[in-house]
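Engineer: Okay, handing you the structure first.
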Amino acid sequence: MILEDSVLEKEISQAVIRRMPRYYRYLGELLDEGVERISSGELSERMSVTASQIRQDLNNFGGFGQQGYGYNVSFLYEEIGKILGLDQNHNIIIIGAGNLGQALANYMKFDRLGFHTIALFDVKEELIGKNIRGIEVLHVKELDHFVKTHDVDIAALTMPKSSADDIANHLVSLGIHAIWNFAHVDLSIDAKDVVVENVHLSDSLMQLSYNIVKNK
Ligand SMILES: NC(=O)c1ccc[n+]([C@@H]2O[C@H](COP(=O)([O-])OP(=O)(O)OC[C@H]3O[C@@H](n4cnc5c(N)ncnc54)[C@H](O)[C@@H]3O)[C@@H](O)[C@H]2O)c1
């Protein structure tokens, strides 16, 4: 009980949280291969992460390993899933049904993780009514009504950056608490209970470029 309380009270660093999806992915692959248990040493070799890093990371949530046994793969997979909130469903709306918005809506793997896109919104008349994998593109004029009448957990911003901040703040005023921001702009959202995840593929490419140059 004391351990559980201290685990709950502790603020887990974002660096640890960012490593969790990778553990989840590797454990999922192990499950697909029929592996039932794995030592921290084997997991470390497979993931190219030190065994002590794995232990430290998982100890943030109370451990999960057993001395001399290692990790039960399906148990650990489920527990990390719970930590990441993947035991719940999350409804997503996508604002901007262009190249990126449609690509996200078309990606079925998100559904398997419990992320369900339930509508796309755009301003372009020729896109309105279009059906992407069974998901309709609606006009942004319908956004308020839609958010008020559906459970929307996450809004993905895939429209030009010029309108991203206004739309983000409008979404927050409608009660949306999570924004997945692809527009290349830092959003100025005041509300403390709103979480924003910025995704910039070009940042990742620039890091790659840095490493190419460095290794020449
Ligand atoms: N973060 C990343 O890694 C990444 C990668 C690619 C693109 N982007 C960004 O994502 C955005 C979309 O890129 P794209 O290639 O899909 O562009 P796109 O032009 O194909 O699509 C943008 C869509 O947004 C719509 N739109 C414009 N104003 C709107 C508004 N107020 N409300 C709703 N929809 C509106 C447009 O009609 C268009 O259909 C851009 O801001 C781009 O810079 C980010």
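Just so it is clear, glycine is given a Cβ too, placed from its N, Cα and C backbone atoms.
Quick paste of what TrEMBL says about this protein:
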DNA_BIND  22-61  DNA-binding region
DOMAIN    85-186  domain 'CoA-binding'
BINDING   G96, A97, G98, N99, L100, G101  NAD(+) binding site
Engineer: Can you check which residue among the binding-site residues A97, L100 has the largest number of Cβ atoms within 10 Å of its own?
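Structural biologist: Checking each of A97, L100, the winner is A97.
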Engineer: What number of additional C-beta atoms lies within 10 angstroms of the C-beta atom of N99 (NAD(+) binding site)?
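Structural biologist: Excluding its own Cβ, N99 (NAD(+) binding site) sees 9 Cβ atoms within 10 Å.
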Engineer: Show, in sequence order, which residues other than G96, A97, G98, N99, L100, G101 on the same chain lie with their Cβ within 8 Å of the centre of the Cβ atoms of the NAD(+) site.
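Structural biologist: Neighbours found: I94, Q102, A103, L104, L120, D122, T158, M159.
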Engineer: Please state whether DSSP places A97 (NAD(+) binding site) in a helix, a strand or coil.
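Structural biologist: Note: A97 (NAD(+) binding site) is coil by DSSP, not helix or strand.
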